[in-house]
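Working notes for the structure below.
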Amino acid sequence: MSAVRFEGVTKRFGQTLALDEVSFTVEPGEVVVLLGLSGSGKSTLLRHVDGLHGASAGRVIALGTDVGQARGARLRELRRRISFVFQQFHLVDSLSVLENVCTGALGRLRGLRLGLVTYPRAVRLEALEHLERVGLASQAFQRADTLSGGQQQRVAVARALMQRPEILLADEPVASLDPESSAQVMGLIREIASERNLTVLCSLHQVELALSWADRIVGLRSGQVVLDKAAGDLDHQQAVAMIYRAGPLRAIA
């Protein structure tokens, strides 16, 4: 069973066509990068996977669930199995790094409230393990706002892992980072995906990063899929030509 399947997904916002009959699948454990310019539909498509957006036509199947038909407890259970890492880190500056990571457990454990003192020891230890994995265990008790941008995004990745997801969605996770930090964060996501058989669907606009870290690249332009290929079968020039250059839309597989 595919981890995610898009079947003719179309999305309109008023008169604006954001997605135009998008169809492709993401297999379990696969790292797929959505590549395209701002406004190409990448973020909109990601938000269909956990039901933040609903399709105007077509459907999305995630972890065996028809997302558009999921309601109540069924939708909550689906979202528990999916984590999201955003371009903006969304850390709580006044909390410690460890406390921020612990908040990732709020969605799966009942009776927890924001604040370190309410977290069971097992939750704190798990959070420390994730911080160790992202190389920030020594900063666990610092305030989150004392970290660099790259470090804060690594905290966001650790927080996402606290949810114990089966799918990780990442929306331009390195857009605000310098090249070195970008490579570190993408490398970390790639390594964790391999270790945990974690399915990753990530949006980027940097071609070289996508080619370096993805199993497969799906290119979007004007809401349409114009490219769907294994990253190893593409070079920089091909990707740029298909995704970023003007001209008639023509999908290649």
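Cβ coordinates are placed from backbone N, Cα and C, and glycine is handled just like the others.
When pLDDT is averaged over the domain 'ABC transporter' (4-247), the result is 92. Summarising the annotation, Swiss-Prot assigns domain 'ABC transporter' to 4-247.
Around the Cβ of Leu37 (ATP binding site), the number of neighbouring Cβ atoms within 10 Å comes to 13. As annotated by Swiss-Prot, ATP binding site applies to Gly36, Leu37, Ser38, Gly39, Ser40, Gly41, Lys42, Ser43.
Each of the binding-site residues Gly36, Gly39, Gly41 was scored by the number of other CB atoms within 10 A of its CB, and the lowest score belongs to Gly39. For Lys42 (ATP binding site), the same-chain residues lying six or more positions away in sequence with a CB closer than 8 A to its CB are Leu34, Leu35, Gly36, Asp171, Glu172, Ser203, Leu220. Neighbour density around each Cβ, counted as other Cβ atoms within 10 Å, peaks among the binding-site residues Ser40, Ser43 at Ser40. Counting Cβ atoms from all protein chains shown, Ser38 (ATP binding site) has 9 others lying within 10 Å of its own Cβ.
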